[in-house]
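Below: one structure, written as structure tokens.
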Amino acid sequence: MKYDRILVRYGELSTKGRNRNKFVDKLKRSINRVIRNFPTATIEADRERMYILLGEEKVEDIAKALKNIFGIQSFSPAVKVEKNVELMKQIALSLVQKLYQPGLCFKVSAKRIDKTFELGTDEMNREFGAHLLINIPGLKVNVKQPDINLRIEVRAEAAYLYCENILGAGGYPVGSNGKAMLMLSGGIDSPVAGYLSLKRGVEIEGVHFYSPPFTSERAKQKVIDLTEKLANISGTIALHIVPFTEIQQMIQDQVPSNYTMTTTRRLMLRITDEIRRRQNGLAIITGESLGQVASQTLESMYTINQVTNTPILRPLVMMDKTEIISLAQQIDTYDISIRPFEDCCTIFVPSSPKTKPKLDKVEHFESFVDFEPFIQKAVDNTELMIIRPGESLKQNVIEDLF
Ligand code: ATP
Ligand code: MG
């Protein structure tokens, strides 16, 4: 006996009412991207559930890949069989035999969706249970806490049998909750913020500010590598690399040093917002975490945030650094993030940035220059890179995340 399919359950999607078809479509696309690496596997989907039909592939390999796909609540390797009680019993026996070890107990959970089937639910539970007890010496029944739960679903077209229920990654399929711009620095936090956004179904485009010659190609490469890690989860990601040197130098000339950090952040936000507008995004995502550094006090966030009404999503805002690091390690971005590099912000960072910058003050300092044409120029000169999933996708580096 060989599993011929994997039954995929959508979970949270079921709350989505009329949008369901769109969600199923996005999920199908996410699964398709992974299934492409398994040439003989195919997908069959309806509104309720999805089946991955297995060809030559090992079920374990596909299961490992499915665990990383957002929007899957759980899945089960299963066998489809004709609605013939004798055949079904044979399959039931080989499924349980495969998992049985001395001392394990079991139960049968039958479901009769096709009401014309000759056996009722209780009858199926009893008959299949008896068949297993007779044929597997030592096997015991435990309906409250079974080690093996044999499920039998009798549907209109056939019966499906399976024992395992493997937890998926949860969340929503990537792209099912709109698009946002992820401000990616090269540090530890922003890739994690990107990962959590993807988990909620948000499609992301990266925005990175760099200041040549003060920041090197290596720093840029780091952001490309981080984006590739995220692309392994979401599929191709657009990365906008913004030349920021000219504006940073203007800020140094115009603004008192303890306010340069605040103005720098405000301008980064204005530029990101302009890119968002041009790309039809709906929000901006940052890796900010409350209180972590001077720019991330509530006073700073308030003053910086005044430049836009666009929603700013901060998935890490209430997380501790240790939690963020642990997530970064799980998604395999940590080792890239800790490579030494020069960030455009750290290079120009003042020795004592204001931790409680005042809005009226920063607005006053900025009022002497019209930054708008420089913002447009930076956006016009922004380099667009298309980052595709890398080789690591095939090895499924992100294992057993949740
Ligand atoms: P990270 O680990 O993501 O670099 P951080 O703790 O170093 O964050 P900051 O340097 O204050 O914190 O940056 C806060 C957020 O601002 C970052 O998470 C990122 O979203 C954004 N940001 C900072 N620098 C850049 C940059 N050079 N390009 C794009 N976004 C940036
Ligand atoms: Mg940083």
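Just so you know, glycine gets a Cβ as well, placed from its N, Cα and C.
Keep in mind that TrEMBL annotations are predicted by a computer and have not been checked by a curator.
Keep in mind that what you see is a predicted model, and the values were worked out from it rather than measured.
The domain 'THUMP' annotation in TrEMBL covers 60-165. The average pLDDT for the domain 'THUMP' (60-165) in the predicted structure is 95.
Around L184 (ATP binding site), a 10 Å sphere centred on its CB holds 30 further CB atoms from the protein chains shown. According to DSSP, L184 (ATP binding site) sits in a coil region rather than a helix or strand. Marked as ATP binding site by TrEMBL: M183, L184, H208, F209, R265, G287, Q296.
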Helix, strand or coil: which one is G287 (ATP binding site) in, per DSSP?
coil
Checking proximity to ligand 1 here: which binding-site residues out of M183, H208, R265 have their Cβ closer than 6 Å to it?
M183, H208
Starting from each candidate's C-beta and looking 10 angstroms out, tell me which of the binding-site residues M183, H208, R265, G287 has the most other C-beta atoms.
H208
Number of Cβ atoms other than its own within 10 Å, given for Q296 (ATP binding site):
21
Under DSSP, is R265 (ATP binding site) part of a helix or a strand, or is it coil?
helix
